[in-house]
Amino acid sequence: MTYNLKVKLVHKDAKLPFYANPGDAGLDLYSVEDKVIQPGEAELVATGLAIELPEGTEAQVRPRSGLALKHAVTVLNSPGTIDEGYRGEIKVILINHGKEPFKVEKHMRIAQMVIAPVTRVAIIQVEGLSDTTRGEGGFGSSGVK
Ligand SMILES: O=c1ccn([C@H]2C[C@H](O)[C@@H](COP(=O)(O)OP(=O)(O)OP(=O)(O)O)O2)c(=O)[nH]1
Ligand SMILES: [Mg+2]
């Protein structure tokens, strides 16, 4: 099933997001600005895009593995959450974990956006929860190997 994603370009240099290959999960997002990210620092980078998501979906802003591997640059709050009702400009929080300043250039693909279904719930407060095999075990309780 293919949904429609309404995209508004809110910056004169904005470019539409796109799937680099058929079958890709993520739509690549372009920067609309030049910005230098110093080692250890994070910067908010504008994409020039605003979107109207299909009902019942969210967009997740995820890192590009190439930037992570080659430059140690990733999305600080990954996956960033774009709420269905958000109509502002999508921005990407990039962090530079590398040793050199990283130059974001206009029209560089800085991140990717995955559209995903959202499960919404009604909260029911209770006093007890059902028994399970796992119980309260976590954080390595099942061992390493
Ligand atoms: O990487 C991101 C993350 C969020 N947003 C926008 C869309 C999202 O719908 C809104 C709020 O994001 P979030 O809920 O993660 O931030 P918050 O700190 O909880 O802010 P708010 O109180 O506005 O929800 O900010 C982005 O543009 N990029
Ligand atoms: Mg929030």
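Backbone N, Cα and C define each Cβ position, glycine as well.
Caution: TrEMBL annotation is automatic and unverified by curators.
Features as listed in TrEMBL:
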| type | residues | note |
| --- | --- | --- |
| BINDING | Arg64, Ser65, Gly66, Asn77, Thr81, Ile82, Asp83 | substrate binding site |
| DOMAIN | 13-143 | domain 'dUTPase-like' |
Open item on the list: Let's check the environment of Arg64 (substrate binding site): how many other CB atoms sit within 10 Å of its CB?
Closed with: 21
- [ ] Over all pairs in Arg64, Ser65, Gly66, Asn77, Thr81, Ile82, Asp83, the listed substrate binding residues, work out the largest Cα-Cα distance in Å.
- [x] 26
Open item on the list: Within its own chain, what residues at least 6 apart in sequence put their Cβ under 8 Å from the Cβ of Asn77 (substrate binding site), listed in sequence order?
Closed with: Val61, Ile93
Task: Sparsest Cβ surroundings (other CB atoms within 10 Å) among the binding-site residues Ile82, Asp83 - done: Asp83
TODO: Please go through the binding-site residues Arg64, Ser65, Gly66, Ile82 one by one and keep those whose C-beta falls under 6 A from any atom of ligand 1; give the result in sequence order.
DONE: Ile82
Open item on the list: From the DSSP assignment alone, can you count helix, strand and coil residues within the domain 'dUTPase-like' (13-143)?
Closed with: 7 helix, 48 strand, 76 coil
